[in-house]
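Peer 1: To start, I am sharing the structure in question, which I have written as structure tokens.
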DNA sequence: GTAACTGCAAATCTTTTGCACCGAA
DNA sequence: TTCGGTGCAAAAGATTTGCAGTTAC
């Protein structure tokens, strides 16, 4: 019973945190936006619009184009990171300055998240050399996972 | 006059080198394929299918779908590197083990090639940790170039 | 001669957009 | 009340594909 009560409390707290995030970016608080932030917050890695949509659609009524528009808006505001992957789909993740990259198996699509990003140092070099302001980067590794390697003749 | 003669000789030599490349991959030698290899070899960085096509179409008669098919085939054989960029277009470059990444201005699309790739060391770590065979990676930096920075109010 | 290559047009897939309606502030 | 947000359907843009004709070997 105590545990049952704990859950709603946590959700409530998160909801108000997310309202603050939206308010700070001059965005109206809507069921749809909260639901999307909710799902991405719970996710362990980047998700496609389609994935977000298929989960969110179970909770609230939302069209796919709204999912795209919302994800786009949140990315423009810097709340999310947006990233076109080698599979042709765009992945979204919370921009919490602890972003992740992916290692994807080209045979079965198994995906592993890479926690540490080695590019900060390289960005500093680029800034010095080019005068660019660096606003982001995309990095993805492709390979063949151990399960699939088993099937390759040597 | 001597210089004028030098050029055809060089082209001849390159053509036969490219025939060897195709033969080694069990691909027939066609005007189209030679033209595409030619253009990518002369290019200083990765090119889109559209760019390759628009240049190649001046020299030989070729359809856009053939350009796509040829670039795809050459990539499958490992002759080219294929890379979906954050702008939604696929870029192709010679796979000469000296591949380049790009730094792209999100305002004017000015693009700078990055010659040294810092990822080899990271790939070794990933191999150890995940058991994947790493077959490739994509890396791209986005930013705002000095020309465009001038327009931003501080 | 035959399998591989090519051109054309149509299809595919993801993402974006126009427009009319709806809802948060 | 008023913009901004949303749904629907249609458009967009890059790439792929089916099929019939052509070419390298």
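Every residue, even glycine, has its Cβ placed from backbone N, Cα and C.
Remember, TrEMBL labels are computer predictions, not curated facts.
Copied straight from TrEMBL:
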BINDING   A:99, A:137  Fe cation binding site
BINDING   A:105, A:108, A:145, A:148  Zn(2+) binding site
Peer 1: Pop the Cα-Cα gap between residue A:105 (Zn(2+) binding site) and residue A:137 (Fe cation binding site) into the table, whole Å please.
Peer 2: 21
Peer 1: Here are the binding-site residues: A:99, A:137. Which has the lowest count of other Cβ atoms within 10 Å?
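Peer 2: Result for the binding-site residues A:99, A:137: minimum number of other Cβ atoms within 10 Å at A:99.
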Peer 1: With a CB cutoff of 8 A to chain B, go through the binding-site residues A:105, A:108, A:137, A:145, A:148 and name the hits, or write none.
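Peer 2: Cβ contacts with chain B under 8 Å: A:105, A:137, A:145.
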Peer 1: I want to check the contact list for residue A:105 (Zn(2+) binding site): same chain, sequence separation of six or more, C-beta distance under 8 angstroms. What comes out?
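Peer 2: Non-local contacts for residue A:105 (Zn(2+) binding site): A:111, A:142, A:143, A:144, A:145, A:147, A:148.
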Peer 1: Check the DSSP secondary structure of residue A:148 (Zn(2+) binding site), expressed as helix, strand or coil.
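Peer 2: Residue A:148 (Zn(2+) binding site) sits in a helix per DSSP.
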Peer 1: Output, ordered by sequence, the same-chain residues six or more apart from residue A:108 (Zn(2+) binding site) with a CB under 8 Å from its CB, or 'none'.
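Peer 2: Long-range Cβ contacts: A:145, A:147, A:148.
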Peer 1: Tell me the coarse DSSP state (helix, strand, coil) of residue A:108 (Zn(2+) binding site).
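Peer 2: The three-state answer is coil.
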Peer 1: Tell me, if you would, which residue among A:145, A:148 (binding-site residues) has the fewest other CB atoms within 10 Å in the structure shown?
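Peer 2: A:148, out of the binding-site residues A:145, A:148, has the fewest neighbouring Cβ atoms within 10 Å.
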